[in-house]
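Feature list (source: TrEMBL):
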| type | residues | note |
| --- | --- | --- |
| BINDING | ARG68, SER69, GLY70, ASN81, THR85, ILE86, ASP87 | substrate binding site |
| DOMAIN | 21-148 | domain 'dUTPase-like' |
Amino acid sequence: MTSLEHVTVPLQQLDPELPPPHYAHETDAGADLVTSEDFTLEPGERRLVGTGVAVAVPAGWVGLVHPRSGLAVKHGITLVNTPGTIDAGYRGEIKVCLLNTDRSTSVSFRRGDRIAQLLLQPVGRADFATVASLEDSDRGAGGFGSTGV
Ligand SMILES: O=c1ccn([C@H]2C[C@H](O)[C@@H](COP(=O)(O)OP(=O)(O)OP(=O)(O)O)O2)c(=O)[nH]1
Ligand SMILES: [Mg+2]
């Protein structure tokens, strides 16, 4: 079995009574993030929610905040900006912009409930090189369903 790439991520618990990000299973990609507050989202409502943690993502990596599929399927909860980007230089609290997409039912959360998940991924940095025209390719400018539905 291939082993997972590990990276040390310094973590500050801004709200020490809350559990730190936690991987539910050994090989999960995402570590669950919790809400630091109780709140209710009315149908169509969005809210920026604190998670009680701050991290120092190492240079060359990015933190990505993804929705949880269970909340999506059962309650219509997603993130407005999915996935959220946690830059390597960011030292503030990780916050999650939740959205209730359900048209008729409100959803309540209690402090400590899992609301999203944090993934760590390596990233490259583009050195943009301006050119007059781009090299031809098989796809060319085709996109947005050009290969059929
Ligand atoms: O879901 C998110 C998205 C972002 N952030 C924090 C970390 C990130 O490094 C910073 C800026 O995010 P982004 O670049 O996506 O937002 P922006 O609107 O471009 O703000 P800025 O002008 O500060 O870059 O906000 C979060 O805590 N949660
Ligand atoms: Mg930005």
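Any Cβ shown, glycine's included, is placed from N, Cα and C.
Features per TrEMBL, on structure.
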| residue | record | DSSP class |
| --- | --- | --- |
| ARG68 | substrate binding site | coil |
| ASN81 | substrate binding site | coil |
| ILE86 | substrate binding site | strand |
**Message:** Restricting to the record's substrate-binding residues (ARG68, SER69, GLY70, ASN81, THR85, ILE86, ASP87), give me the longest CA-CA distance in Å as a whole number.
**Reply:** 26
**Message:** Among all protein chains shown, how many Cβ atoms are found within 10 Å of the Cβ of ASN81 (substrate binding site), not counting that one?
**Reply:** 11
**Message:** Can you give me the same-chain residues 6 or more apart in sequence from THR85 (substrate binding site) with a CB-CB distance under 8 Å?
**Reply:** VAL62, GLY63, LEU64, VAL65
**Prompt:** Do any of the binding-site residues ARG68, SER69, GLY70 touch ligand 1, in the sense that the CB is under 6 Å from one of its atoms?
**Reply:** none
**Request:** Give the number of CB atoms, excluding that of ARG68 (substrate binding site) itself, located within 10 Å of its CB.
**Result:** 19
